[in-house]
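A quick write-up on the structure given underneath.
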Amino acid sequence: MDRCKENCVSRPVKTTVPFGPKRVLVTEQIPSQNLGSASSGQAQRVLCPSNSQRVPSQAQKLGAGQKPAPKQLPAASVPRPVSRLNNPQKNEQPAASGNDSEKEQASLQKTEDTKKRQWTLEDFDIGRPLGKGKFGNVYLARERQSKFILALKVLFKTQLEKANVEHQLRREVEIQSHLRHPNILRLYGYFHDATRVYLILEYAPLGTVYRELQKLSKFDEQRTATYITELANALSYCHSKRVIHRDIKPENLLLGSNGELKIADFGWSVHAPSSRRTTMCGTLDYLPPEMIEGRMHDEKVDLWSLGVLCYEFLVGMPPFEAHTYQETYRRISRVEFTFPDFVTEGARDLISRLLKHNASQRLTLAEVLEHPWIKANSSKPPTGHTSKEPTSKSS
């Protein structure tokens, strides 16, 4: 597929890298020689393996009278689910009118039932494919009892094992299932059978930010500032939970039904009890100097990526893009980039203060949100957003 990534799994779950873009992959260590160049002579963006979920624009709900297409998944042995849906947050489902006490008791009972629920493929009507990737597919789906519309990511165990990426899926499930923020894609639960792993995900009907960027070439200042505001809010939440994303890029950002930005693909994310790591990961265009140079890094890597993203939104290409990996590497290490004339002074100031070689000199997320250019151009971010999730059957 083209470019685009709560529980700790009770058993080792064979996992996957979501549907990544068809870009050149790089390994954990970037060789100092023979990095190669784009055969076409055009600049290429370089991608490390990641769990990118690419969900194209689709309708939020199935049309009136429209039934989901028959299951399009290959036949498999009887599902043997081992995991359950995460406990829904209180009041995530709208309550009907009636006796408050009885409704509260029913809600509590439903919550307990959901906690004990073990999902199988038979619980879902499977609709059209939303995306295809190296390790599986994403389908539009509907939970049969609640009629809740969602995205079902289906990953093939054999392909995950062959690529040795099970650990990335475990990490994605562990981290994403614990996060609750309006600008972070929800992972409601997961289950597996003999051949496949299934992730029950929030459906983002407007597709990826990357597709929007391709369609429009670049964004105006108002849209860019609004996206950066939403992203900064979401990253502040992640960092408060000691989670570093490490792979922020347009392919990993989805759009909800109201156009709100949602971070997806936590395959390269980490819980950071030490807050310092040395692993190389993510997309080369977005990697900060400390990561490509193999130095220790912390949550400030996400600040660098925020600056790169802001630049790409406004200009239509990343600031360090080059014809070869070596040149991109060199530009990042030296922080060599220029602004087109149409980029305003306020935007230049914000980006330049995020793209600092010394991580300690980068703006904090709080400072990003208070930056004059952001405050002057960002529309009010979505508020009061609560996500719903499928409910369990009555016993």
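Cβ coordinates are placed from backbone N, Cα and C, and glycine is handled just like the others.
Between the candidates Lys153, Lys157, Lys162, Lys300, Swiss-Prot assigns the ATP site shared with Lys134, Leu201, Glu202, Tyr203, Ala204, Glu251, Asn252, Asp265 to Lys153. In the shown protein chains, 29 other C-beta atoms lie within 10 A of the C-beta of Asp265 (ATP binding site). Lys134 (ATP binding site) carries neither a helix nor a strand DSSP state and counts as coil.
Residues Lys134, Lys153, Leu201, Glu202, Tyr203, Ala204, Glu251, Asn252, Asp265 are listed as the ATP binders, and the farthest two of them sit 21 Å apart at their Cα atoms.
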